[in-house]
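The structure appears right after this line, and notes come after that.
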Amino acid sequence: MSARRKDRAEENNGFSEEEQERRSAEDQATSSSSSATSNPEEPIIQNIPESVDDFLRNFLRRLGLTRTLSNFEVEWYSSTQTSSSFFIPDALTHRQVLQKELDTVHRDTKLLQKEVLEAAQSLVRMQRERDFHRMQHQRVSEQKNSIIKDYKQLQEHLENYEVALKQLEEKNQAALRTKTLLGLQRERAQNLPESRLNQEKPKEKPAKKPSTQSFSRQPKIYRLQNPQLAPGKTNFQLSCSIRAHHLPISCIALHPSKLVLASASDDRTWKLWHLPQSGEKVGQMLLRGEGHSDWLSGCSFHPDGSKLATTSGDMTVRLWDFSLGRCVLTLTGHSQPTWGCSFHSCRHLLASCSADRTAKLWDVNSRCCRLTLRRHTASVNSITFLPSSDLLLTCSVDKTLIMWDARLGAGTATFCGHQHPCNHASFSPATHAVASCDSRGVINLWDTRKPASPTAAVDTGPQGANQVAFNQSGKLLAVASSDGLVRLVEVDACSVSSLTGHRKSVQSVTFDHEGGALMSAGSDGEINVWF
């Protein structure tokens, strides 16, 4: 501003007095207007104009156009007073500003074009996916409709075949029963000449008067067919496994004269199996029976092999006839679950034991209880007849074994020596030995003539031993252990070996008629055959 005033002073020196007065008046008016427009309360932001006025002023001065210059200044300052926002921009600066805005617009346009292209590609891709999923949905819908249609057709076929399947199953069961009955009849026919010879021999010598007692004094004696094989058979290998039941098997029993095995299970059923011979891998199921309302705990064959007795947690003892394929007798009298049963060699007497601390003797012909044996102070876990004798052996949770005279119903000897509950006891078929096992895996060997103390003891613990069984020679003892092993004990040397094949605890073991094969069953529902 000071430079402008100096320029104006120099210019006024060349003007007349009238012009100077007019210019001074204009300057005062300009200053008064600027002072009037400036409000201290409202600060004014002045736009500093470009140097266009100075350029024109210098240009007119150089040309000597003083009057034009004065008129320009009057009009210039008057326009400044009337319009405070008067601004003459510079063309170059304005162009630069516009160029920047244009560049910004171009960048935004490119970005928008790029986004539009991406959106278009995404739209095309989504349309393709939509078409693909629509086609997939149609295909799946068609498959679903076809499957529903096939399912309905299969249901109709199944309804039509159910009657036929029931008839075929009945025919199959009838054929199996007929097959078993024919086998029994054939066996009886083969043994008929021997019975005739036995009937002809008493004619040479006067026969004794038959006894009126219910027990036979001299029952049939079962002898070894080949006694030289059994003592030497001490090494067994797993031959095959039969998936017999879906639930644990509690007991197995061997047919008196055939390679037929009965199994009793927690699934409330019993089954008959034709055992595979050496080299065979498959066992065939012959019969299946169900009727108990609770788990089965034991089973025992009738001496002639035509019937099977079973015990159960429903506190009953049932007798099943193979030829009829059904239960022919139900014995009730125990107040707790029954644990085991055993037939007498006279064929019409059956013994059972129960958790009610008693053992009962049943007459199968009269269907009544003949005797109730009470001497144990806890659950009676097993019961068995001595072959070819009226002696009966029981073991109990009270850690004792008792040998009974079945004719009198009195105990003849008590075996004390176990420190834990007894699970099972068994007679030797060829010697006077008795074997018993307890819940800690201790095996005691006894002599029936000297019951005071065990003759030997073998510890197979700490897991419990569930069952013991002698081979036909009485030289080898099989033990079913809770640790999943089948242990073999040589009676004379008391040496122990183990057989591995079960995945869970072993519940029952038995030898075949010659001692050349061993069968075991356990909680895994499988029957293992060892040769």
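Cβ atoms are placed via backbone N, Cα and C, with glycine included.
Where the annotation comes from TrEMBL, it is an automatic prediction and has not been curated.
Sequence annotations record features per position, and here TrEMBL assigns region 'Disordered' to 1-48, 185-220. Per TrEMBL, compositional bias 'Low complexity' is recorded for 29-38. Per TrEMBL, the feature coiled coil maps to 144-178. Per TrEMBL, the feature compositional bias 'Basic and acidic residues' maps to 197-207. The repeat 'WD' feature in TrEMBL is assigned to 242-275, 289-330, 331-366, 373-414, 499-531.
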Chain residues outside the repeat 'WD' (331-366) and at least six past its termini with a C-beta under 8 angstroms from it: 214-216, 219-220, 251, 294, 297-304, 309-319, 372-374, 376-385, 387-388, 390, 392, 394, 396, 404, 406, 409
Criterion met for the repeat 'WD' (289-330) and the repeat 'WD' (242-275) (at least three Cβ pairs under 8 Å): yes
Outside the repeat 'WD' (242-275), six or more residues from its ends: residues with CB under 8 Å to it: 180, 183, 187, 222, 282-290, 292-301, 303-305, 308, 310, 312, 320, 322, 340, 467, 504, 507-513, 517, 519-529
DSSP residue counts for the repeat 'WD' (242-275), split into helix, strand and coil: 0 helix, 20 strand, 14 coil
For the repeat 'WD' (289-330), the number of residues DSSP places in helix, strand and coil: 0 helix, 25 strand, 17 coil
